[in-house]
Amino acid sequence: DDDAELAASSGDDGDGGGGGERVADLDRQYAALGPMSHAEKTIAVVFALTALLWMLRRPNFSFFAGWGAAFPDVTDGTVALAAALSLMLLPQAPGDAAPILQWRAVNEVDWEVLFLLGGGFCLSLGFQRSGLSERIAEQLASATDGFAAALVLCCVTACALSNVVSNVATASILLPSIACVAPKQGLHPIALMGPVAVSCSFSFLLPIGTPPNALAVSTGHVTKRQMAAVGGALSVLCLALLFTLYAMGTLGLVMPLDHVPPSVAEVCKLKPDGDGARNQ
């Protein structure tokens with residue numbers, strides 16, 4: 001009892017005083033930071049203004065159309081570039097000629113990863129504008145007769161594409177295109193769109209898949225070869241786990257999947273015969 005009271009009074013939570021020591025170490029590090037400098041305050045203000053401009057460009061409020069309505073050619077990228085340019089012009093301190101963001105810091109950016117990630121977004125935009133995304137969806141729908149085969153094929157395709165282009169772009173390519181595949185089998189669209197949306201997150205193979213992948217490679221602690229070796233196995237494991245959970249009826253516990261909503265039947269041009277399984 002005396003030992004327990006001593007540990008409690010000293011901040012020891014039973015792990016050798018580690019809890020209290022960690023808190024004290026954080027307090028020392030915070031104190032060592034000191035007050036915010038002029039440059040740090042300026043960066044905070046620029047970041048807050050940038051985020052505010054992003055949110056208010058097209059907020060879709062009934063009482064406010066957004067400042068983007070007056071400047072239709074201005075995009076979020078324009079705002080980001082303006083913020084970066086302002087940091088190259090604003091001084092580190094009053095009367096100091098040195099800017100906050102200097103060119104040597106720009107040279108230290110891992111441009112290879114950024115161009116790789118941007119190339120994925122360009123590729124996904126090419127998929128959409130060329131009509132290739134619709135063609136892929138049509139082939140997926142026509143290549144399978146049963147729902148189980150369509151589920152496996154669509155999920156594997158989503159996982160494969162998300163490792164080449166960004167997962168957000170993969171979802172935007174596939175989900176609208178496969179929305180009517182499940183209703184034609186008499187099932188709710190979520191029965192297929194849900195697993196496919198989750199499969200788009202199994203992009204562990206390449207840095208281009210998601211920004212976190214790119215950030216991990218940019219640190220230099222993880223090489224592309226290591227990410228590909230571990231990420232490939234992890235993608236396969238996640239797909240197997242997804243199919244197992246789906247076969248156990250886990251998604252059906254969240255919402256009923258054995259019916260087609262009337263609004264979906266109308267969009268997918270299904271006969272109102274109750275089963276929603278045949279196209280007009």
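Heads up, residue numbers simply count up from 1 along the chain you see.
Each Cβ is built from the backbone N, Cα and C atoms, and glycine gets one as well.
Quantities reported herein were computed from a predicted structural model and do not represent experimental measurements.
Features as listed in TrEMBL:
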COMPBIAS  1-11  compositional bias 'Low complexity'
REGION    1-21  region 'Disordered'
TRANSMEM  38-56  transmembrane segment
TRANSMEM  63-89  transmembrane segment
TRANSMEM  109-127  transmembrane segment
TRANSMEM  147-175  transmembrane segment
TRANSMEM  187-206  transmembrane segment
TRANSMEM  227-248  transmembrane segment
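In summary, the transmembrane segment (147-175) does not lie against the transmembrane segment (63-89): fewer than three C-beta pairs, each 6 or more positions apart in sequence, are under 8 Å.
Through the fold, the transmembrane segment (227-248) approaches residues 151-152, 155-156, 159, 163, 195, 198-199, 202-207, 213, 216-217 of its own chain, all at least 6 residues removed from its boundaries and within a Cβ separation under 8 Å.
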